[in-house]
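A.B. asks: Handing you this structure, nothing more for now.
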Amino acid sequence: MRTHYCGHLNKSLAGQTVELCGWVNRRRDLGGLIFIDMRDREGIVQVVVDPDMADAYEVANTLRNEFCIKLTGEVRVRPESQVNKDMATGEVEILAKGLEIINRSDVLPLDFNQKNSEEQRLKYRYLDLRRPEMSDRIKLRAKASSFVRRFLDDNGFLDIETPVLTKATPEGARDYLVPSRVHKGSFYALPQSPQLFKQLLMMSGFDRYYQIVKCFRDEDLRADRQPEFTQIDIETSFMTADQVRATTEKMVREMWQELLNVDLGEFPVMPFSEAIRRFGSDKPDLRNPLELVDVADLVKDVEFKVFSGPANDEKGRVAVIRVPGGAELTRKQIDGYAEFVGIYGAKGLAWMKVNDRAAGMEGIQSPVAKFLNEDVINGILDRTQAESGDIILFGADKANIVAEALGALRLKLGKDLDITKEGTWAPLWVVDFPMFEEDDEGNLHAMHHPFTSPLGVTAEELKANPAAANSNAYDMVLNGYEVGGGSVRIHNAEMQAAVFDILGINAEEQQLKFGFLLDALKFGTPPHAGLAFGLDRLVMLLCGTENIRDVIAFPKTTAAACLLTDAPSLANPAALEELAIAVTVAKEKDAE
């Protein structure tokens, strides 16, 4: 039906007759001539309908926005004075010879010329996707996927599919369960990742695997999470962690170069402990120069228990952030930040303004200065390299609370005060994660997943002191987002059983849940390692947006609902009966 896309027309086609299909973006009637901005997925071109073309003119008179049309016309170069430099096709226009309405449109429930509510956009997503901004994002996603496949194919990786109906495994989030009609009372789980299957593929001899695959997690949502998401899943045999990182870093660097013409440069490598110490996060945004500075040794002997208590607690921490120029913050703003860190468990936010460094104690303004002697204050000022006009913000609590609260505050200050260098890129690798993390009850949990190999210890050494072990894991971080995570995997049954033991999974449960894996590890398993990228998050960054819903064609809401199709919905009672499932809905107790 068409010979060209609207957005591909240029001066080289002058004099040629073209056939276009698309939508009416705008129609204008100017002194007899009718102008139509015609749009398709590749862009917009201006169409001129002259009254001399009687049939086309008659049709053009009836056109309204979003009518689907077919046009036959001649490409002609615009006069220099009429060139539209804001349009890719602005040097040409189409003189209409034939015009056909393929389909009419009702009045749209969305207004493409103003901001629509997200609820309306998701309910009428098929219309929202017509907007050039959204269309460009989906096209960039397609280019990113195509690039990944091409890169991995060229590097000897095999695209292999893994099952979608599988078995539940403990990977940190709740599973989406699918009832079996044949095996009544039993359930499949939709995969949170293809983790075990890709490891089994390594045991099968396919030493370089990849898959762009849908994964599912029934977890609380936020701007960069969805219940179903797309993963670039990669696994290799006989490659070290350094080699896996080098290969995947090359892929991301070349992707940014091809799609954005941006050179990310070589990625720095930072241990987990340094990331937490300096930035309060294992995914630090290095565009933000603010850092956490430890001062526990300076305040451990003060009488102010708010500081000295955590400073003398082996699980406590006292740290500060120096904010250049922050002395201009008002008390109301500081109180707002104190309320903000409270979200993360902090009990308050002590502060110290350095109004005049040269004036000594007279130049300090702080509600806690009276509890600190001059040597302590000078020590803090020297360590943070504070200058006149700065403010110092304190965190004193359990180490994890200080890291989380000040880490989040650091990001907020970066945005609020324009400290973060927007429009730049700051990638890095974070490595040497703890093997396990402890919950409030003192139980150990795998920090990544239970198939991650420990770093440099035997199974016996790991069991003797699991809390001290690091894992051979690595995360790729870009502008404060974890875009990919991976590890060297456990490749012998003894080590895998040891990890399960530490996690409190007894021998019987190991066989029930992971017997197939433990058996497979007995048959000459090669050393293997891998990594998985979140495609949605990568594309979100490529597009310069902050919400992955902007780069998914048909996303869910933060309540995991599809407003377009009204999913999830109640099941047919007959289908439930066939599945031998009875549904009970828990009701909240009436307020007393």
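Note: Cβ is positioned from N, Cα and C throughout, glycine not excepted.
Computed from a predicted structure; not experimentally measured.
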A.B. asks: Match it up for me: which of 195-198, 423-426, 443-446 does Swiss-Prot list as region 'Aspartate'?
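C.D. replies: Among 195-198, 423-426, 443-446, the range Swiss-Prot annotates as region 'Aspartate' is 195-198.
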A.B. asks: Which of E161, E291, E461, E482 shares the ATP site with R217, D218, E219, Q226, G534, L535, D536, R537 per Swiss-Prot?
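C.D. replies: For ATP, Swiss-Prot names R217, D218, E219, Q226, G534, L535, D536, R537; of E161, E291, E461, E482, the listed one is E482.
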A.B. asks: In DSSP terms, helix, strand or coil for R217 (L-aspartate binding site)?
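C.D. replies: R217 (L-aspartate binding site) sits in coil per DSSP, no helix or strand.
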A.B. asks: Three states by DSSP: which one describes R537 (ATP binding site)?
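C.D. replies: Helix, per DSSP.
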A.B. asks: Based on Cβ atoms within 10 Å, give me the single least packed residue among the binding-site residues R489, R537.
C.D. replies: R537
A.B. asks: Based on Cα distances to L535 (ATP binding site), point out the closest of the binding-site residues R217, H448, R489.
C.D. replies: R217
A.B. asks: In whole Å, how far does the CA atom of R537 (ATP binding site) lie from that of R217 (L-aspartate binding site)?
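C.D. replies: Their Cα atoms are separated by 15 Å.
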